[in-house]
Structures are given as C-alpha cells and as structure tokens.
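Written below as structure tokens is the structure these notes are about.
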Amino acid sequence: MSYTKSMTPLSLGSVDTSTQSDCTTTTDLTTQCTIHVGTPSTPFTLHSSLLIKNSPYFRAALTGPFQESTTQTITLPDIHPSTFELLVTYLYTRSISPLPFKDSKPAYYTLLHLYILADRLCIESLRNTIVDTIADLADDTNSVLTPSDTRILYEQIPPHAPIRSLVLDLFAFKKTDKLLAEHEDRWHAGFLRDLVVLLKRPCPQAMLRHKLSMWYAASYDSAALLACENCRTVLPPRFGAVRCEECGVAWCKRCVGEGTGMAGWEDGSPGRMVRVRRGDVVHGGRDTGAGGRESADGDSGYDDGWESAGEGGLVGRKMRVRKWMSCKPWRGSRCAVYHEHRETERCAEMERRGRRE
C-alpha cells in the first residue's frame with residue numbers, strides 16, 4: 001500500500017470487515033478530512049467517520065469548537081509520514097502492514113514510534129495490537145529490542161505503559177545474558193534497573209503464563225515426584241498440588257495461592273519428554289542418545305531456532321521439553337498482563353462474541 005501527496009481514501013474493497021461498522025451511512029462514506037503530516041507536509045485524505053470513531057483526539061478536533069472542525073483539516077508537523085501511514089493502514093485493515101524490518105531484523109523502533117503516536121491520538125486498540133506484534137516478532141525471529149530501542153521506550157513512552165512490562169519480560173524470560181553483556185551500545189539505565197528488580201522480586205506474570213490444573217504424584221517413584229517450583233518442598237503422593245499442563249512444573253497449593261513466581265528463562269533441569277505431533281513447532285538441535293533432542297549449542301534454552309514437525313521426520317519422536325520453553329507471559333497471559341481495555345472490549349469477550357456470531 002503506497003501513498004502520495006494527493007491521497008484519496010482507501011477503496012472499500014481493501015477495508016477489513018471488522019471496520020465496516022465504522023462506515024455505515026452515506027455520510028460516513030463521503031465525508032472526508034485532510035491530515036497534513038510531517039515537514040514538508042504530506043496530505044492524507046481519509047474518511048472522517050473512521051478517525052472520529054477510533055480516536056478521541058480526532059473526535060474532539062473534527063467535531064468540537066475548533067477551527068479544524070470547520071476546515072476538516074488537521075496538521076501534525078512533528079509526525080513522520082511513514083509512521084502515520086502505518087496508522088492509516090491499521091485503521092482501515094486492523095493490521096500493521098508491512099511489518100517493519102531492516103537488514104532482515106525487526107525494526108522495533110518503528111513500532112515504538114507508532115505506539116507513541118497511538119498514545120498521543122488515544123487509540124487504545126492500536127496500542128494493544130502493537131504489543132501483540134512485538135511479542136509475535138520476538139518469538140518468530142528469536143530477537144529482543146536493542147539498546148537504542150530501550151532509550152526510546154524509557155524516554156518517550158509513559159512509565160505506566162504496559163509495553164514496558166512486555167519488553168522487560170522479553171528480556172527476563174528469554175536467554176539474553178550474552179546480549180546484555182556484549183552489546184556495544186549503552187542500555188538505558190532505567191531499563192537495566194527495572195530488569196534487575198524484575199529478576200529479584202516475585203511477579204504475577206511468572207504464574208499467569210502457565211496453564212494450571214490439579215495434580216498429584218501417584219507414588220514415591222523418583223520419576224513421578226516433583227518439588228514445588230517456589231518453596232522447593234517435595235510434593236508427596238496423594239498430596240493435592242497444581243501443575244502446568246504445558247511445561248510440567250508443579251507448585252504446592254500455598255504457593256499457588258500467593259499468585260507470584262520468579263522470572264527466568266530456564267532452571268538447568270533436563271525437562272520432561274513429550275511425543276511430537278504433526279503441526280507442532282519445535283526447536284532445532286540434534287538427537288540425544290536417550291531418544292530426545294537438545295539444542296545445537298548444547299544449552300537448555302532452546303533459543304537457537306525452530307523447525308516445523310513433519311519437516312525432518314520429527315513426528316512421533318520424543319523431544320525433551322525444557323522449562324520455560326512454551327510458558328512465556330506474552331503467550332499464555334498476553335491480554336491479562338499487557339493489554340489495555342479501558343475503551344475496548346477484553347479479548348475473551350471479543351472471542352465469545354465471535355463464536356456467537
């Protein structure tokens with residue numbers, strides 16, 4: 001999707017069906033406004049109703065007692081046109097496209113600048129979408145933000161913004177020790193301080209990331225016994241406890257009731273064996289003598305690449321699952337930890353409504 005200085009609104013054929021409710025009358029489809037972005041100015045001609053219904057900022061400017069409501073023209077001289085173009089694409093399609101990359105690596109700084117713009121224009125749904133996009137990019141490319149990105153995060157984004165929590169968790173729950181130690185640029189001091197606090201203090205997202213269910217050991221067989229992940233107490237047979245269905249970690253009921261755990265990317269334990277099913281995505285590595293598979297560099301982080309089951313005869317083979325491999329906060333509890341829903345519906349409510357429709 002490209003834009004020129006003499007822009008016209010996107011055709012209806014390119015509008016996502018989820019946004020069609022924003023343009024439901026003849027007036028909605030014909031009333032337009034012009035947003036002059038950047039210096040020198042790049043004009044964006046857009047449907048007024050789309051801006052009014054998605055942004056309190058534009059609603060006040062285009063319908064309130066201001067000159068902009070008469071001229072239907074707004075000037076944003078300090079915004080880069082490429083950033084505003086991503087915002088326009090989101091308003092019409094409900095997606096961020098194209099995903100920003102530079103030299104085959106995610107350009108997280110572009111998404112941070114878009115988040116700053118979304119915060120300025122009070123578009124909560126876009127802020128949540130940016131959080132989702134950063135989390136997915138970090139998983140798909142096994143990457144995290146750079147030192148310069150942390151300076152944008154801490155110098156231009158409000159301290160209460162949930163995106164800060166996401167970035168901190170990406171570093172705390174992924175294997176990033178070498179990156180922090182060897183990167184040539186300087187990290188923002190506030191970021192490093194908050195990361196140390198996160199790693200030293202129990203946090204709720206360390207528990208929210210797990211898929212918990214009731215569990216107990218069947219016997220005193222050493223292979224069946226587990227210790228509570230928090231207090232390290234051995235959980236005896238027939239003793240009610242709670243276990244994660246994904247990674248196999250267990251807790252006593254008292255520690256689960258506290259609702260917090262320690263952040264970490266792995267604990268050095270060998271993990272448990274699971275059988276790979278078709279369609280599963282597993283980390284690359286080499287076969288172990290026990291019929292399992294370990295990472296190519298010999299560590300237990302499994303952060304050295306992924307491959308799809310079915311592309312190399314992995315289906316049916318047992319693989320060793322490391323703690324923290326699948327249970328990340330941005331996967332298991334993304335909405336609860338990182339999303340804002342003061343103005344938008346909660347993700348679970350939207351899913352239920354979609355199933356009813």
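Including glycine, each Cβ sits where the backbone N, Cα and C put it.
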* Structure fact -> Among 1-21, 22-42, 64-84, TrEMBL marks as region 'Disordered' the stretch 1-21
* Asked: DSSP helix, strand and coil counts for the domain 'BTB' (31-100)?
  -> 33 helix, 16 strand, 21 coil
* Structure fact -> In this predicted model, the domain 'BTB' (31-100) has a mean pLDDT of 95
